[in-house]
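> This is the structure, below, for whatever I ask next.
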Amino acid sequence: MMGKLKERIQAFVNNRWLVFVAAIWIQSCAGIGYVFGSLSPVIKRSLNYNQRQLSKLGVAKDLGDSVGFLAGSLSEILPLWGALLVGALQNLIGYGWVWLIVTGRAPVLPLWAMCILIFVGNNGETYFNTAALVSCVQNFPKSRGPVVGILKGFAGLSGAILTQIYTMINFPDQAALIFMVAVGPAMVVVALMFIIRPVGGHRQVRPSDGLSFTFIYSVCLLLAAYLMGVMLLEDLVDVSHTLIIIFTVILFLLLVAPVVIPVKLSFSDEPKDLAVEEVLLPKPEQQEAGKSEQDEVIFSEVEDEKPKEVDLLPASERHKRIAQLQAKLCQAAAEGAVRVKRRRGPHRGEDFTLMQALIKADLWLIFFSLLLASGSGLTVIDNLGQMSQSLGYDNTHIFVSMISIWNFLGRVGGGYFSEIIVRDYAYPRPIAMAVSQLVMAVGHVFFAMGWPGAMYIGTLLIGLGYGAHWAIVPAAASELFGLKKFGALYNFLTLANPAGSLIFSGVIASSIYDREAEKQAHQHLIPPQISGSIFSGMFAVDEPLKCEGSICFFLTSMIMSGFCIIAGVLSLILVYRTKTVYANIYGKSRT
């Protein structure tokens, strides 16, 4: 009896669903960058910063969130728990020091030093993301879209979760939110770091996996709806503290719910022989022993020699025509009639190193499309507090939490619907990216116009569109460039985020905001020494300049809308270029 129990506990510890659930919990508190919209007014007031100085902190936060080369490299050298520990320490030191400064417990540092602290604190998130994605994509090789979407979704939802916990604890001052951001994620990561690892998940496939994903999707939707309802209630009605505690306990129960999947799979009496092995693409070393190197070279030669119209044929006919062409090439090569070219590097869908991928146009199309679209979305997230204040809203927390929820649903929905596109239609996943970019373009127009209720609609569209990118891009990158160096490739693509934020938030948005604020200051007869030039915002003044009305972000939003349309065009070019790859990968599974 004890032996059987020990065996089941071991099966539970090594279950791929337990790794997935633990990764969900880490991601639930890992997206600390999304709370910056709530942190920024506290930092701005305590340190007497203007909008441009605050934007520099925002760019440092985005850089920390996205410069993941070290995280990608360490995840290949260290065990994943080691990488997670490094991330937890960075998070604790960076934000912990900022909290000491804001509360007056440590001396005030110059702006550049504050930027470094925000960078270090937020950079811990890249370790959490990398470890969670690398372990789960390897454990679920045939369900990349849903897995990436759910994991990135919970990272997006973490802003709303942390805000709700902060409301429950009822701290006397807003600076305590910074303390919670420093300590909370580090504690959760240290508690779960030994669970996050590859466990040979491709050998644990069961017929019940579809139901398990459905259950997690249901929890996701319920969690989003619940948080939205709770936040609206807390915003519109004066809710008692006891009720807030009850709301938060229910939130924790919803977060814990997915653990029933690995418990049921490990402790139920489901026959173990139902488990089958899944592999998305055969690796070269796993191909038949009888295949010579020349056969493999000839197979790649077929890609170059086949007529274009072959790709348009039905899957069964296409495979037949390719097999005939391969047979002819084999015969011709054996007779010396053709000379087969040597392969130069991997083809799309095979394992690339980062250096091999960097010379491919596909990677740069993804990168620049992501830069333009997600960079503009991140600018909205970073400036949401100021945007809502300029339109006359007092409670900025509601919009920060709402965009966190729409971001979450965008990620979960992006993973789900892009998976339907590739599984059922064998069509390129980036088409979903193009749709999300057009949705974002419309969202920016709503922000620009500042109509009554436009903040709510704009937050919805930008949140959904921005979130969808982070489910679609990692899955598409793993399909086009392989899983072997996925950590490095993913962290390279995330560099598009701070690059876009630097252009949109650090240069365009802050300059236009300060210029409009100065115009309004002159109209209200504020002395010229406070707002004499466009560069006056660079110097500390007694009262930071404030801009009011839709004019503050009108031009910025229209510029970003235009860039989202350009991003959509780049995504459509990528769709055209990768039709064959997706037809080859997913067309076979449909026949």
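Every residue gets a Cβ built from N, Cα and C, even glycine.
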> Scan 73-96, 553-576 against TrEMBL and say which stretch is down as transmembrane segment.
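That would be 553-576, per the transmembrane segment entry in TrEMBL.
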> In the same chain, which residue numbers or ranges, 6 or more beyond the ends of the transmembrane segment (363-381), come under 8 angstroms Cβ to Cβ?
34, 36-37, 62, 357, 387, 403, 407, 430, 433, 436-437, 440, 443-444, 447, 458, 462, 465-466, 469-470, 473, 476-477, 480-481, 489, 492-493, 495-497, 499-501, 503-505, 509, 556, 560-561, 563-564, 566-568, 570-571, 573-574, 577
> Residues of the same chain, at least six outside the transmembrane segment (553-576), with any C-beta under 8 angstroms of its C-beta?
362, 365-366, 368-373, 375-376, 379-380, 383, 387, 390, 427-428, 430-431, 433-434, 437-438, 440-442, 444-445, 447-450, 465, 504, 508-509, 512-513
> Against which stretches of its own chain does the transmembrane segment (211-233) lie, if we need a Cβ under 8 Å and a gap of at least six residues from its ends?
17, 24, 143, 146, 150, 153, 157, 160-161, 164, 239, 247, 250-251, 254-255, 257-258, 260-261, 265, 398, 401-402, 405, 408-409, 412, 416
> Counting Cβ pairs under 8 Å that sit 6 or more residues apart, are there three or more between the transmembrane segment (175-199) and the transmembrane segment (239-261)?
no
> Which residues of the chain, 6 or more past the ends of the transmembrane segment (396-418), have a CB below 8 A from one of its CBs?
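Distal contacts: 31, 34-35, 37-38, 41, 145-150, 152-160, 163-164, 217, 220-221, 224, 227-228, 231-232, 235, 380-381, 384-385, 387-389, 429, 432, 436, 455-456, 459-460, 462-472, 475-476.
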